[in-house]
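Peer 1: Please read through the structure below; I'll follow up with questions.
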Amino acid sequence: MRRQRPSVATARDAPSLEVYNIIPIHDFLTEHPSLRYPEVRAAAAALRIVGDLPKPPFADFTPRMDLMDWLGLLFGFQIDNVRNQRENLVLHLANSQMRLQPPPRHPDGLDPTVLRRFRKKLLRNYTNWCSFLGVRCHVTSPIQSRHQTNAVLNLRRELLYVALYLLIWGESANLRFMPECLCYIFHHMAMELNKVLAGEFDDMTGMPYWPSFSGDCAFLKSVVMPIYKTVKTEVESSNNGTKPHSAWRNYDDINEYFWSKRALKSLKWPLDYTSNFFDTTPKSSRVGKTGFVEQRSFWNVYRSFDRLWILLLLYLQAAIIVATSDVKFPWQDRDVEVALLTVFISWAGLRLLQSVLDASTQYSLVSRETYWLFIRLTLKFVVAVAWTVLFSVFYARIWSQKNKDGVWSRAANERVVTFLKVVFVYVIPELLALVLFIVPCIRNWVEELNLGVVYFLTWWFYSKTFVGRGMREGLVDNVKYTLFWIIVLATKFIFSYFLQIRPLIAPTRALLNLKDATYNWHEFFGSTHRIAVGMLWLPVILVYLMDLQIWYSIYSSLVGATIGLFSHLGEIRNIDQLRLRFQFFSSAMQFNLKPEEHLLSPKATMLKKARDAIHRLKLRYGIGQPFNKIESSQVEATWFALIWNEIILTFREEDLISDREVELLELPPNCWNIRVIRWPCFLLCNELLLALSQANELCDAPDHWLWSKICSSEYRRCAVMEAFDSIKFVILKIVKNGTEEESILNRLFMEIDENVENEKITEVYKLTVLLRIHEKLISLLERLMDPEKKVFRIVNILQALYELCAWEFPKTRRSTPQLRQLGLAPISLEADTELLFVNAINLPPLDDVVFYRQIRRVHTILTSRDPMHNVPKNIEARERLAFFSNSLFMTMPQAPSVEKMMAFSVLTPYYDEEVMYRQEMLRAENEDGISTLFYLQRIYEDEWVNFLERMRREGAENENDIWSKKVRDLRLWASYRGQTLSRTVRGMMYYYSALKKLAFLDSASEMDIRMGTQIAPEARRSYYTNDGGDNTLQPTPSQEISRMASGITHLLKGSEYGSAMMKFTYVVACQVYGQHKARGDHRAEEILFLMKNHDALRIAYVDEVDLGRGEVEYYSVLVKFDQQLQREVEIYRIRLPGPLKLGEGKPENQNHALIFTRGDAIQTIDMNQDNHFEEALKMRNLLESFKTYYGIRKPTILGVREKVFTGSVSSLAWFMSAQETSFVTLGQRVLANPLKVRMHYGHPDVFDRFWFVPRGGISKASRVINISEDIFAGFNCTLRGGNVTHHEYIQVGKGRDVGLNQISMFEAKVASGNGEQALSRDVYRLGHRLDFFRMLSFFYTTVGYYFNTMLIVFTVYAFLWGRLYLALSGVEKIAKDRSSSNEALGAILNQQFIIQLGLFTALPMILENSLERGFLPAVWDFITMQLQLASFFYTFSMGTRTHYFGRTILHGGAKYRATGRGFVVEHKKFAENYRLYARTHFIKAIELAIILLVYAAYSPLAKSSFVYILMTISSWFLITSWIISPFLFNPSGFDWLKTVNDFDDFIAWLWSRGGLFTKADQSWFTWWNEEQEHLKTTGVWGKLLEIILDLRFFFFQYSIVYHLRIAENRTSIGVYLISWGCIIGIVAIYITTIYAQKRYSVKEHIKYRFIQFLVILLTVLVVVMMLQFTKLTVVDLLISLLAFVPTGWGLISIAQVLKPFLLSTVVWDTVISVARFYDLFFGLIVMAPVALLSWLPGFQNMQTRILFNEAFSRGLQISIILAGKKST
């Protein structure tokens, strides 16, 4: 939906009310906290140094304008682009100057060092580009001069260059994906700027020189639009990405055009629109693909990683040669040694293959301008042929001489030496590469030299590319990952030789030596048994090529666990371990989160590092002074309490803990003259009772002995002292001042204090009386907490306490006169007849929040008997506290102050997902009667109770009020438990909240912090009191709640907001927000609500303005909510050259919003992610990592750990969560260190913003090829010399798909993306430019993982087809009689599959869980997962990955698949599961099942049940999991009634005719056509290979017909041809029946029935005659079905490939009809086990238990959910 163009008056507010984004740069007189910083004023003032710059012609340049305005008028930039980049530049310069160490001498002026560093960083890519092309850089160096004027001019010139680049970047729209294109634009515009600054004259006019374009939107119209239209034309010609990649130019092709000087010659400046680069020229003469051509072929996996395959194939050849020899060691036999030389012939042959692949895929790059490429491709082919021939000739000469001499004569040995000399010449380049590998710094230096000599020397090996140079790591990292891979490769090769290759030698020889074997069919290739040998070796070779992935998985898991162990992960695994280290926790928090006082000199760095390391060691192991020695009055204790309490309050706001748990967890401030630190109650529980017990046992022991026993536990000491001080204060508080009772009490406490000081407690008092005093004190506190406050009871208790303390407590009983003399009894005579305290009680009012809160705390300390192991009760709260506390003992950079930290932004792309759950959504029920809210109430039961408690405190009287008064809170509560935008926004805004509070603590004085603890209690909430033992919590009249409770928020003075805003911005790229607003979508209102509640939130969207006449203008708009105006306001509106989406939608959405981000870093956050307040506190530490060298480079991407928060919903979600967790933790840990190949995988990584801005941004967007857009940011980073690290002391929450269908769609999306990656230029360049061992790491963690997963499935296919061939051909029977090795072979192959299944998925999870949760819990979790059939899920997922990865490489068809992020508890219908899994799993499983059944019928080995089971158990497991998993993990999947309904629904769907607009879920025909979409876009080779693969189905018929009795053991080819006659007859009968049905079934039904009768009669007659007059049996008929059914499916599959030729013929109707019957047949096969299990009693309950076992273990009533019974 588009809106009309806004008028000028409404487009923007009046100038006096100009809207600003973060800081009001336009008006420095505004009262804004950011403007108090001199650095901000200095940066803005520097921009106003216009001086004597010439005024742009035809423009109104006013004195108020600055350099940005001048550039905007000079080059025609948009006004809002200028405003946007002005703030961007000022903020960055100001933040950079704040961090400057030592601080500048003149803080009111911009330090030139800051600007110079920024200019070098921002323009480094441009300067490298100029050096690469050999052109002069137009950024002139500043003049070194101390003269003030020159310094100002230099500063201005630097500012102009930086500002010019930012303005170009800010308005380039989609061109930002092409960084070298921007370099080209900047290069020429900087040249024009230099001419203007130099005052040069135009050669044509003789007038002062001005840029070639100017005016309103001149840059957009003259530069951006022509290039944009070219990109747009290319994308449109791709037919929505379905055409081959080689047929059109994508972003990378157009960008790489600027990697050569021909761009400078062709495009010129101003741009020559007639150039063949632009879309103005015909496609035939236009510039084609540049740099690389993406061809769709499996050969890409070999071509990109040829070094790996050469290694594997050459070792395989060498191992076979050695294994076939009869010597123990190869050096014992010269024949074997010489035979090993054939590996060099193979090596040369593989190089020849590589050259052929290069030429066949990249030929379209050749043109008149790139003739050197043609020469290189040709020469490489010729040289490869020459080496192959040369090696072959020299090798043949060796054997000819040896055969001639009969022995290894001297002449023969000389020819061996000659051969080795040739080998030496051949491997010289490899030796040179080895030398450079050992000294990587030299290789980096050579590669980065832009010299013609270097290009000439490397021309043969590499194409000249701007990226992929200088990628070697440092020597230390080099050694680490080299050792890792040497160990892995050594293990793999030893295992392969002894357990794979050698065991096959004997069976191979036995087969080749079979001379008298006869085949059971017509054998086309004689009786050499080579096909049988090939079938024997094929699965072994596939396992050999694949199992390096297994060994990598094993060793990477071990290394990852070891690194995690040394990183101190998992040392605090639970709350109990946190209790033990809580005393050191505060010191650790202060050490890491509290900034140090920076010295003026940055020296002594190594000394500081050593001191920090020692301090961290002391903290970690409790050495030195812990926190228990710090008194409660010290600022450090208060600082820690403020942060800790803020974390606890955040938990309460998230409803993770209850009000009562807040009281138990919080660290209250000092009050009531308590002399010790007031530890959280959950630490002090039971400690006082233990102290009383010790006092009772040691009542006669000396004081120091008793006190030392109590002090053995710091918590016990504090509990005793706090209890005494609190009781003392409480009793004196409730007694009136000036009364005699007060005097007595003061004297009594004074006496006790004196005895304590003199260590006479045990000497003077009877400690056994303490227990009675304890009971009375508890009664007193309970009466005080009673809302009714019955004073007479309190008087009685006080009187009893007085008598105990005055009369019974002392060992020496004192008389009344003695007590009066000591001041411990009333002096007046009346007091003898009156009770004490009757008229002396003055209870505090009920609104005294502090008093009653402390009363409850003291009561808890006095009464708690259990150790409170379940505080907090919520699992997520416990895990978060444990991780946060553990992370503070890990190594991390120390945090700077907020003012000196690096600024950063968070960017989240959003399209149209849920923002908040609406009221109707929460109430809507599914077919089982389950609403979303009901589901959440059961899953998050404790959190729902906490929410209700909070709502009651905030005014809700009952649950009905929640649906009226508190419906917004209800919606938010539900939304925060789903994968919604509101959850993500809340999590990211914790950064803002944390920075505000940290900024206050950084700048607060000691008095401010002390005030925080004094003011806080008065603003605290009062929680609930316990009424007389009843567990029902009753609110007290004095209840209130406030964020002031932590003692921070209420102290914020305003400047903290400015600091936080300058350091953090959150931009959500809501691409269609404008459309949502225009049509009144509820999501627009909800997004506005989020902006209103979060100051730092900004929304970027694309606005489409209809100009009429079919013209539309597109604008990138940034909006915020103005708290003063109380409405949404528009900040920037920047016109785009056209529609936003040319490539993939998500990166385009990110790209348009990227210009609105701020800061040095940018964190990419997806819509399904979350964050926590306690983690946000550590962001300053993380950003400091950008300043540290990791290896030889500083990081450009900081990897952040993820915590999957959707693992507790169901067992299926747990499986996915466990798999994902091991990948995002252990996997990423190893990739970063030691392997140094971590990329960006869509994680919440933090990018160095100004490193990526000039290098193409944070993702790639080319259509289809970049469908996995995020990982290409990592590829691009590595290729351009970046460094990616991984940090596990901070984590971000992440949601994962929780239903099988959702998970499958996600797996399909990722697998398809990897299929496209395999074709991409980035993967090819990384495969060639990384050193050998990093290349191995890269392969096995990206494309190789999916390729090897596919090889696993291929191995199963090859093994089963091979066994079938051996069985049906008769070779197996003959071999069985002479050898039993084949049985061992089957066991070996099955062990391989089981090893893969276990180690691929289990080992990383077990080790990571062992590290973070402990070994026994990890083993128990693994056993539990197996009992819940996790292996079924992982095997099923393997099939999904295999299907989509293979199909994408072969045919394409990758697309974005919306997985959905809802809650999955509803039952999925059979038809839906069939549509999703029929082609990916069901048909493949049925095929394998038929193979096993045929094999069981005809194999002599299968007659032994044990051998058959041993050989096929893993295959049957795979078949079972592929068929049954969609129903096993489907709620109510085995409910009989649902199964019956599903079958009816499936039949109705199958026979639905459909129509033009019918969807796939409504009609089988529509779905069937959609399943063939990939065949429409595939190439000729894809179709040909598909047909070749489909030919396998004909093998069933070929092999089985010869085993029928009617064949009479004949092996003539005629038997097979006759069987085709039967198929033709069956098809003819079917066609006749279908034709009769269409022609006569409606109007002439009798004719139709007559024809049916004739057909049936004729068929029965033919069958009876054959049974009577031939040897055909009924069994033959049944077996023929096994033969003809696969043949029919093969014919249909081939017909689908040939659809363009058959569509217009009558054959196609028959194909459709037969295909429908086949899907009915397959559906019935799949439905059969489901129906059987549904019919069996009790199986549904078992399935529910399996699926939701995790929920059961947490006490959730999933059975109630599934039954839809809402219990009240």
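Counting begins at 1 with the first residue displayed.
Backbone N, Cα and C define each Cβ position, glycine as well.
The topological domain 'Cytoplasmic' feature in Swiss-Prot is assigned to 1-308, 357-370, 443-480, 552-1341, 1408-1413, 1503-1508, 1605-1612, 1741-1768. For 330-335, 392-421, 502-530, 1363-1386, 1435-1481, 1530-1583, 1634-1649, 1695-1719, the entry in Swiss-Prot reads topological domain 'Extracellular'. Residues or ranges marked as transmembrane segment in Swiss-Prot (evidence: sequence analysis): 336-356, 371-391, 481-501, 531-551, 1342-1362, 1482-1502, 1509-1529, 1584-1604, 1613-1633, 1650-1670, 1674-1694, 1720-1740 (among others).
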Peer 1: If you average the pLDDT over the topological domain 'Cytoplasmic' (1741-1768), what number do you get?
Peer 2: 57
Peer 1: Is it the case that the transmembrane segment (1509-1529) and the transmembrane segment (1720-1740) have 3 or more CB pairs under 8 Å, with pairs at least 6 apart in sequence?
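Peer 2: Result for the transmembrane segment (1509-1529) with the transmembrane segment (1720-1740) is yes.
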Peer 1: Take the C-beta pairs under 8 A between the transmembrane segment (371-391) and each of 336-356, 1584-1604, 1720-1740. Which stretch has the highest count?
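Peer 2: The stretch with the most close Cβ contacts to the transmembrane segment (371-391) is 336-356.
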Peer 1: Quickly jot the same-chain residues contacting the topological domain 'Extracellular' (330-335) by Cβ under 8 Å, restricted to those at least six beyond its ends, or write none.
Peer 2: 321-322, 408
Peer 1: Write out how many residues of the topological domain 'Cytoplasmic' (1408-1413) are helix, how many strand and how many coil, based on DSSP.
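Peer 2: Looking at the topological domain 'Cytoplasmic' (1408-1413) with DSSP, the answer is 6 helix, 0 strand, 0 coil.
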Peer 1: Counting only CB pairs under 8 A, let me know which of 336-356, 1584-1604, 1613-1633 has the most with the transmembrane segment (1674-1694).
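Peer 2: If we count Cβ pairs closer than 8 Å to the transmembrane segment (1674-1694), 1584-1604 scores highest.
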Peer 1: I need to check the long-range neighbours of the topological domain 'Cytoplasmic' (1408-1413): which residues 6 or more away from its ends have a CB within less than 8 Å of a CB in the stretch?
Peer 2: 557, 560-561, 564-565, 569-570, 573, 1218, 1221-1222, 1225-1226, 1419, 1421-1422
Peer 1: Restricting to the same chain and to residues at least six past its boundaries, which positions have a Cβ under 8 Å from a Cβ of the topological domain 'Extracellular' (1695-1719)?
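Peer 2: Cβ under 8 Å, 6 or more out: 1474, 1478, 1550-1551, 1564-1565, 1568, 1572, 1575, 1583, 1586-1587, 1590, 1627, 1630-1631, 1634, 1688-1689.
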Peer 1: Can you name the far-off residues of the same chain, 6+ from the ends of the topological domain 'Extracellular' (392-421), with a Cβ under 8 Å from a Cβ of it?
Peer 2: 334, 338, 341-342, 345
Peer 1: Quickly jot the same-chain residues contacting the topological domain 'Cytoplasmic' (357-370) by Cβ under 8 Å, restricted to those at least six beyond its ends, or write none.
Peer 2: 246, 260, 262, 288-293, 295, 297, 299-300, 302-303, 377-378, 380-381
